[in-house]
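Here's the structure, in structure tokens; my notes come after.
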């Protein structure tokens with residue numbers, strides 16, 4: 001995982017700015033503590049900070065093709081890069097073992113369509129002669145922002161790196177690419193396929209004579225998640241797991257343990273949180289090398305400004321859960337450089353409590369698509385920023401595209417069965433975990449860790465009702481939803497101007513209020 005910055009002159013007469021690429025890059029130093037590099041030509045500049053995961057000694061960026069006509073800075077992991085590398089051996093001279101170099105040559109051979117071949121998470125910028133190519137992965141697991149100023153297109157992995165240039169910043173949309181000559185293209189879309197009633201195909205187990213019963217779906221889910229976890233273990237540095245003790249992270253840990261005998265697991269919480277207890281239970285059952293950190297209210301207050309600075313948001317539900325993510329990433333950084341996490345399962349398998357109120361199957365399916373589509377600047381933003389704040393790479397096996405597309409086809413009654421959420425996911429892995437873990441009721445990460453109410457109570461004490469009524473309506477038109485959110489907003493404004501609020505997203509789920 002890394003940080004990327006750069007610019008491209010859209011107008012040949014663009015003015016030179018005093019702000020240097022080095023200044024932008026310095027604001028992303030936390031994303032790549034191992035190395036950094038800059039490349040320039042007369043029209044463009046690329047900068048990179050590196051967290052070394054693959055080909056540790058040989059992966060310095062920017063990377064170029066053989067004749068130096070194409071240069072790239074890249075953030076992410078292409079999990080099928082070894083398969084993509086093989087056909088390149090006869091046409092290109094490969095000088096590294098990195099997935100970054102594979103991206104360069106696939107672009108040379110296939111142009112912008114190269115992104116359709118990449119199985120993974122990525123955001124990259126590529127300069128090909130006098131042209132710029134930018135791309136972001138289908139779900140937006142890896143962040144990318146851009147801005148137009150002084151005839152240039154600037155880009156960076158985080159908002160803060162662009163602020164020395166301008167505050168008129170735009171999020172680069174997931175599943176899109178931009179080419180300076182060809183323009184914009186949406187190459188991937190997460191949309192619910194029409195149901196059989198609407199003229200769509202039958203779900204997978206009903207095709208080709210399938211029985212369409214629970215066991216068929218369970219087998220498909222089991223195989224898809226197992227394959228997703230396995231491919232995400234590729235690394236030249238140690239890999240661990242964030243373990244809350246809930247269903248999602250526990251399944252990931254159990255599948256990882258089949259491949260990593262000395263698996264490191266990490267859990268955090270307050271003295272009164274439930275997660276550490278359940279995480280210890282799972283770790284003991286699986287035999288992981290378990291690490292735990294119990295943090296106090298005073299520590300939460302101390303790190304809150306740092307969390308909000310890295311998170312780049314004041315959404316109250318996001319900040320709450322980021323607290324625990326920050327502590328667990330800080331704990332893990334001394335032992336591993338890559339962690340697998342459980343994000344995405346609730347969105348795909350209907351884990352949130354409010355979803356029980358949606359009776360219509362089509363409405364539920366569309367709601368799951370909607371909240372999965374919003375992950376890129378909610379939960380995925382939280383995981384990316386909190387892990388990167390500590391020089392860690394986070395990987396999300398539930399968001400493998402094959403698993404995503406499979407999960408969205410599963411009938412609603414198999415996701416909610418007799419009042420049990422994520423039923424088919426639990427059923428798929430019966431016998432892998434103790435019953436009390438496999439069938440444990442869903443809890444919010446912040447509540448399970450024990451940090452949910454701390455700042456709500458502090459904000460209630462410190463912000464009078466009149467003050468909240470006066471300040472909750474922001475100049476941008478946004479209305480803050482609670483005193484807690486105002487409390488976070490005041491801290492956020494120390495680092496960011498109101499003009500970048502349009503880059504942010506908000507948790508609209510009823511249970512987040």
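Backbone N, Cα and C atoms are what each Cβ position is placed from, and that goes for glycine too.
Automatic, uncurated: that is what TrEMBL annotation is.
In three-state terms derived from DSSP, residue 2 (active site, for GATase activity) belongs to an extended strand segment. The active site, for GATase activity annotation in TrEMBL covers 2.
The L-glutamine binding site annotation in TrEMBL covers 99. Reduced to three states, the DSSP call for residue 99 (L-glutamine binding site) is helix. Under 8 Å, Cβ to Cβ, and six or more positions away along its own chain, residue 99 (L-glutamine binding site) finds 54, 74, 77, 78, 81, 120.
Look at TrEMBL and you will find 2-183 tagged as domain 'Glutamine amidotransferase type-2'.
Taken from TrEMBL, the feature site 'Important for beta-aspartyl-AMP intermediate formation' covers 343. Residue 343 (site 'Important for beta-aspartyl-AMP intermediate formation') falls outside any helix or strand according to DSSP and counts as coil.
Rounded to a whole value, the Cα-Cα separation of residue 2 (active site, for GATase activity) and residue 343 (site 'Important for beta-aspartyl-AMP intermediate formation') is 20 Å. Within the same chain, residues at least six positions away from residue 343 (site 'Important for beta-aspartyl-AMP intermediate formation') with a Cβ under 8 Å of its Cβ are 248, 375, 379, 380, 383, 396, 398, 399.
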